[in-house]
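Colleague: Got these off TrEMBL a minute ago, pasting:
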{"type": "ACT_SITE", "residues": "B:Glu463", "note": "active site, proton acceptor"}
{"type": "BINDING", "residues": "B:Thr174, B:Gly213", "note": "FAD binding site"}
{"type": "DOMAIN", "residues": "B:170-286", "note": "domain 'Acyl-CoA oxidase/dehydrogenase middle'"}
{"type": "DOMAIN", "residues": "B:322-477", "note": "domain 'Acyl-CoA oxidase C-alpha1'"}
{"type": "DOMAIN", "residues": "B:523-667", "note": "domain 'Acyl-CoA oxidase C-terminal'"}
Protein chains: 2
Amino acid sequence: MQTSNSKGNAKAERRIRRLSLHLTPAAGVAAEQLEMATCGRGKVSVDTASLSRYMRGKHRDIQEKIFAYFNANPRLQTPVEISKDEHRDLCMKQLIGLVREAGIRPLRYVVDDPSKYFAIVEAAGAVDMSLGIKLGVQYSLWGGSVLNLGTKKHKDKYFDGIDNLDYPGCFAMTELHHGSNVQGLQTAATFDPITDEFIIDTPNDGAIKWWIGNAAVHGKFATVFARLKLPTYDTKGVSDMGVHAFIVPIRDMNTHQPLPGIEIHDCGHKVGLNGVDNGALRFRSVRIPRDNLLNRFGDVSRDGKYTSSLPTVNKRFAATLGELVGGRVALAYSSVSVLKVASTIAIRYSLLRQQFGPPNKPEVSILDYQSQQHKLMPMLASTYAFHFATKNLVEKYSQMKKTHDDELVADVHALSAGLKAYITAYTAKSLSICREACGGHGYAAVNRFGILRNDHDIFQTFEGDNTVLLQQVAADLLKQYKGKFKGGTFAVTWNYLRESMNTYLSQPNPVTARWEGEDHLRDPKFQLDAFRYRTSRLLQSVAVRLRKHSKSLGDFGAWNRCLNHLLTLAESHIESVILAKFIEAMESCPDPSSQAALKLVCDLYALDRIWNDIGTYRNVDYVAPNKAKAIHKLSEYLSFQVRNIARELVDAFDLPDQVTRAPIAMRSEAYSQYTQYVGF
Amino acid sequence: MQTSNSKGNAKAERRIRRLSLHLTPAAGVAAEQLEMATCGRGKVSVDTASLSRYMRGKHRDIQEKIFAYFNANPRLQTPVEISKDEHRDLCMKQLIGLVREAGIRPLRYVVDDPSKYFAIVEAAGAVDMSLGIKLGVQYSLWGGSVLNLGTKKHKDKYFDGIDNLDYPGCFAMTELHHGSNVQGLQTAATFDPITDEFIIDTPNDGAIKWWIGNAAVHGKFATVFARLKLPTYDTKGVSDMGVHAFIVPIRDMNTHQPLPGIEIHDCGHKVGLNGVDNGALRFRSVRIPRDNLLNRFGDVSRDGKYTSSLPTVNKRFAATLGELVGGRVALAYSSVSVLKVASTIAIRYSLLRQQFGPPNKPEVSILDYQSQQHKLMPMLASTYAFHFATKNLVEKYSQMKKTHDDELVADVHALSAGLKAYITAYTAKSLSICREACGGHGYAAVNRFGILRNDHDIFQTFEGDNTVLLQQVAADLLKQYKGKFKGGTFAVTWNYLRESMNTYLSQPNPVTARWEGEDHLRDPKFQLDAFRYRTSRLLQSVAVRLRKHSKSLGDFGAWNRCLNHLLTLAESHIESVILAKFIEAMESCPDPSSQAALKLVCDLYALDRIWNDIGTYRNVDYVAPNKAKAIHKLSEYLSFQVRNIARELVDAFDLPDQVTRAPIAMRSEAYSQYTQYVGF
């Protein structure tokens, strides 16, 4: 037995040796050289101040004004534990303080200077995310709907009251039974030609307006989305003109009591954002003047005739919803802020925290563990990537608000949907990873991960459910794809597909599929090509599948049959847009040391994403096994390299301590700030 | 231009057609046949009662007693919103009610009938997870440490007081600076031979006991882990015998004031589990009798001599910690319960909720969308898989507590570490997916996802950080691997590696790598082989890498260099153990219709996991591109099939409505229960 065992062992060891050669192919050569080369090269040095300057937005001044105001008013700072009712009360006080004491008047910026408006939302959200959202409800949703869907008469009547908070308001779109499917809303607004009024009615329980921010406690008005119904003189008696928006006063200006016919209930405790008072509204024959129709895209005359500059219900609906795209831009942008806070806390703590170590040596920082680098370094890289992508989105959106250029409108629409969906989903996952990466101390409420996660969670759902938004991106890609065959052009953002569609229809090149040198893998061209190849391939294949399935299943059935494929396509496209913007930002960076740091981070973002989807690349032999291995090895190595400048990279986010707040993330004396917090 | 465009189009279309053939290879044939075949086959019918009977544990009676008690005592039910202090108070009342009114006396079961004990923890956790954890602190940690680490004198003195709650206690292991690295604890217990006492001291802030459950408010005693220091008569003056456990009274039995030398602070608000009062403890020369050393594995005589049946510090440490493995079993088991609740709520709501649909047709249930099936059906399959895996773990643990068989001890140790880490991480991710899958209504606190996620979150960290536990699994695998070459045997759970090591050292079979028939892909042998192949391959390759790197980096450095690889290995192993248990349970099911349902679910579990890691399989050509595609297609199709019996599958979990509680998950009138809840 012993002999046969030894023999078996020798044989097994030979096999293992052979296998190891197979698994780490030429392994030896390329990889070892890479290590030697880079070890000699040492750490990239980062000039935090210079990098920070490059990152900083142009509205830092107004943000600092906001921080200074709350810093000077401790009574307005949200404590770690607070009841729902106290939180709502405090949140309203914070908003009033911001507007009336600090003199921040956001409404004008909603249309005139969106990047300034988003900077205000970001800073308010950093004080307390409930405040950021409450501010958004008042100015972007309620105010924005009046400005964007109404006409001069509405602006004249409501602007000041909204801006100075005399008119706190709501945005009453969602119903109990209808969230994503806005065209399915049931609330009715029937024109009464006798009194020249609309009668707002909730026809059934499913049509109760639900989740309406500002409704449970503070709102005096609501923009109510309802089916416009006009009397006809045929047998039907009434004609449904589709969903329109109406200003409905909901509470008495003096007594603050709900007005007759309006029943308001409290939606109650939420997972997060409990500073925002979400309510449910039921309307029973509530009469409002005809003037309260927000009539920019469609109007009703005194005698009940409908007029619109837009020809169809669908086009009017699209125009109406199109004006709401700013909310998505704000969410994508704010989600990146949350990710910055979370990754800063997790990374600073991981540098501070020491646990285990080599025998008889001091314990090592947990960020020195490969597993911790794996959790946090690609996340840090993504945070940088998203920063530049949303910065670009905000710029595009601002330009669109000025020029109303059609192509730009389409581009911003799809891009905001895609970035909102992709980034908020990524941030949500990252918040859980950060908590877990900080172990027990990550579970202390004071260290922030709980509240950040609970508050941010709904970013994935409101202003468009992520799964629905990604389908819009996919639909848009398919529209462009089809348009191309009809001689059309691509919108700006998908421009790259024009080229890649031709390039990538051919089989992958078996030679480049094996290239595994570091220079090649870190070449932006290789990275972009890989991202775009995947998108083009997914686009072409899903178009073929849709055509095939629609014959037997119809369009709806075919779409559903390919739904996972479509979502993957949308994500792939968004990832490649993000990478392209990151590369641009890196290449435009004037300071060489900052540029070197950004290059490192950008490479990690790109290669980590490719490795995460390596199955796709392998399946079509775009990447040979040796190259797959080299990509994996290099991304682990880049994580290690980024770890070496992680402190500087989070410092460059330039978050004041009053924004991070977590004791474990303080730049000095973190542990003792923590023990003092609990009373030692 | 037009002509050249048309030509381009024709060419592009030809390319697309060619491409589509390439992408759906023979696609046609196998896949289409599969669809036709299965469409004809229709829906598997499930006898919920029979399946439920098969799933049900043997201690359902005591669980029903617990549910009935709380049902009859509404004052003891935790409201949706409650402050930390009220919650702690209520939680203690719940525990007292359970023990003194409902007559549940858990302590005896901790050692004598663990499966009954875990059933009690599960039911208490379903009432309020804080209650489950508080019960675990009292009985499993405080009580368990006395029973398992102490001797008869301790049992005689403390058993009744612990059991009837006269002696509420704590388990004071973790310190501010040391969580995972228990051997690094700094609290000292120095023997004073003059007074025959130990002196407990906190030498520095980093050694403050932190996160100690039951300490902030209710505890009267604590099992304190401290370095045992014995006086010596050499120049050192004192000898460090390593970490031992001591019973330390912390509050006066009558006044409930902290005893002299003991400083207690409140760790404050946590992300979740706020019904549990975690505190921080600092000791200043606290004297306890020598008898308070829990002396099962090591003792000190009156004259300060140390005796132990175990030869080394490391062995004594391992024996001490080994007794705490029950906590991991309880967490793995309870985590599955949380997953059952969450998936039940998400799936019932997804059946209820309708949104969008084909033109002029009613809206469809959102569970009919492929994307929603993709989110929830593999999760449902995993819930079943984990159910059987943890059931098996509990049985093994119970047996171990009876037989103390060495092999079984080692097996349970690694298996509990692995299942705890794998399952809690999966559940944590799933809770977020469920919330998001339920959209806005998933964000209402009353619908449970927030509190479930916040409470469960720390399951990933306490009783062993998941990343650390997985390393224990990997270390154990490597130990067995090395042992094999020395003629040793594998422990029960890795038995499969004995065979697979020989089988899988050879190159994958290029013929079977292309097999894509449904019968083959649904053959448990193929599935298990694939899982085990991956584990064997990862094990062999990491062993080679460790050996290589240890030469230049030392053992610690080499381990760290391979850390991601090691974690993947551990997860892969655990996945294959889970699959093996699932297949066993499916094959042993006596009722044919339940068996058919379990087979479907088991296949989905297996193929979904293989597809998720398809890159690995492709990289080594274990699976050819056509087979990869077929696996993907079949797992999407199985998700669809499981969706057809999803209602029955969640009903078979047999969760009473008072456990699910979410209005949106009620079996009838869900929407109206929800509107009533908010006051309509």
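Note that Cβ sites are derived from N, Cα and C of the backbone, with glycine treated the same way.
Unlike curated records, TrEMBL annotations are generated automatically.
Note that the structure is predicted; figures quoted are calculated from it, not measured.
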Colleague: When DSSP is mapped onto helix/strand/coil, what comes out for B:Thr174 (FAD binding site)?
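Modeller: Assignment for B:Thr174 (FAD binding site) reads coil.
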Colleague: Which ones, out of the recorded positions B:Thr174, B:Gly213, B:Glu463, lie near enough to chain A that their C-beta is under 8 angstroms from one of its C-beta atoms?
Modeller: B:Thr174
Colleague: Sorry to bug you, but what's the C-alpha spacing from the residue listed as 'active site, proton acceptor' to B:Thr174 (FAD binding site), rounded to the closest Å?
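Modeller: Between the Cα atoms of B:Thr174 (FAD binding site) and the residue listed as 'active site, proton acceptor', the distance comes to 10 Å.
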Colleague: Going by DSSP assignments with H, G and I as helix and E and B as strand, what are the residue counts for the domain 'Acyl-CoA oxidase C-terminal' (B:523-667)?
Modeller: 124 helix, 0 strand, 21 coil
Colleague: What does DSSP call B:Gly213 (FAD binding site) in the simple three-state scheme?
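Modeller: Once the DSSP labels are grouped into three classes, B:Gly213 (FAD binding site) ends up as strand.
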Colleague: Measure from the CA atom of B:Gly213 (FAD binding site) to the CA atom of B:Glu463 (active site, proton acceptor) and give the result in Å, rounded to a whole number.
Modeller: 12
Colleague: Test of understanding: give the count of other CB atoms lying within 10 angstroms of the CB of B:Glu463 (active site, proton acceptor).
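Modeller: Taking every protein chain into account, the count is 24.
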Colleague: Should B:Glu463 (active site, proton acceptor) be counted as helix, strand, or coil on the basis of DSSP?
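Modeller: In the DSSP reduction, B:Glu463 (active site, proton acceptor) maps to coil.
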Colleague: Mean pLDDT for the domain 'Acyl-CoA oxidase C-alpha1' (B:322-477), as a whole number?
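Modeller: That stretch averages a pLDDT of 96.
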Colleague: At 10 angstroms around each C-beta, which of the binding-site residues B:Thr174, B:Gly213 has the fewest other C-beta atoms nearby?
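Modeller: Among the binding-site residues B:Thr174, B:Gly213, the sparsest Cβ neighbourhood within 10 Å belongs to B:Thr174.
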